[in-house]
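Below you'll find the structure, written out as structure tokens, and then a few comments.
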Amino acid sequence: MMNPLIIKLGGVLLDSEEALERLFSALVNYRESHQRPLVIVHGGGCVVDELMKGLNLPVKKKNGLRVTPADQIDIITGALAGTANKTLLAWAKKHQIAAVGLFLGDGDSVKVTQLDEEFGHVGLAQPGSPKLINSLLENGYLPVVSSIGVTDEGQLMNVNADQAATALAATLGADLILLSDVSGILDGKGQRIAEMTAAKAEQLIEQGIITDGMIVKVNAALDAARTLGRPVDIASWRYAEQLPALFNGMPMGTRILA
């Protein structure tokens with residue numbers, strides 16, 4: 001079996017039917033013409049935010065990471081492992097793709113520990129066992145994995161989806177693409193940066209060009225590139241016609257170098 005490709009979905013993608021239609025059409029085309037197995041990892045911040053707003057619960061973020069108090073983890077689990085995950089499975093079904101919905105704890109695929117008490121139920125992801133997902137891939141399934149994990153003590157944890165995708169890529173020896181709302185990392189003039197090293201990233205963070213959630217994304221990608229020993233792509237889901245080329249390893253966004 002070829003080494004898998006993990007496609008991490010993020011941003012408002014889950015909120016846009018048009019975007020999901022484009023993405024799944026590209027996935028169908030890719031699966032028809034290539035033998036390479038695919039895995040989807042997703043967060044669903046927009047789904048969570050909508051739910052929290054509807055329940056009048058405050059959304060608190062610290063250094064770009066969502067703080068998850070004990071009284072909110074059940075709600076966030078429901079939004080990510082429930083609504084967001086099953087929405088993606090429904091789209092797969094609509095496109096005749098045999099998909100299986102998972103969370104990080106299934107088959108111990110990704111090990112999760114609590115990041116820090118001050119973040120509450122926020123988990124740190126580490127590589128786990130490839131057995132379950134490899135078995136699904138060998139049988140032609142598309143695993144769709146939410147970024148909810150569980151600790152050895154049985155505590156549910158909300159994991160940053162970029163970091164969850166990195167840990168799963170390390171588990172499977174997979175390549176990784178982080179798909180988001182932006183077409184890559186932009187410089188101070190709004191132009192896409194084709195390649196990024198750790199030194200360049202540090203410089204842009206110091207200059208205030210890379211900020212907030214993008215810092216988390218860039219650090220996750222740098223961490224992924226270092227962990228995996230291969231480049232990681234940050235790209236946009238908005239340009240469906242470019243997705244098959246991107247899945248084939250053509251750089252379309254910002255390529256993060258190890």
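Cβ coordinates are placed from backbone N, Cα and C, and glycine is handled just like the others.
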Residue in Asn139, Asn158, Asn219 which Swiss-Prot records at the substrate site where Gly44, Gly45, Arg66 also bind: Asn158
Rounded Cα-Cα span from Thr211 (ATP binding site) to Gly45 (substrate binding site), Å: 18
Densest Cβ neighbourhood among Ile185, Ile209 (binding-site residues), 10 Å radius: Ile185
Greatest C-beta neighbour count within 10 angstroms, which of the binding-site residues Asn158, Ser183: Asn158
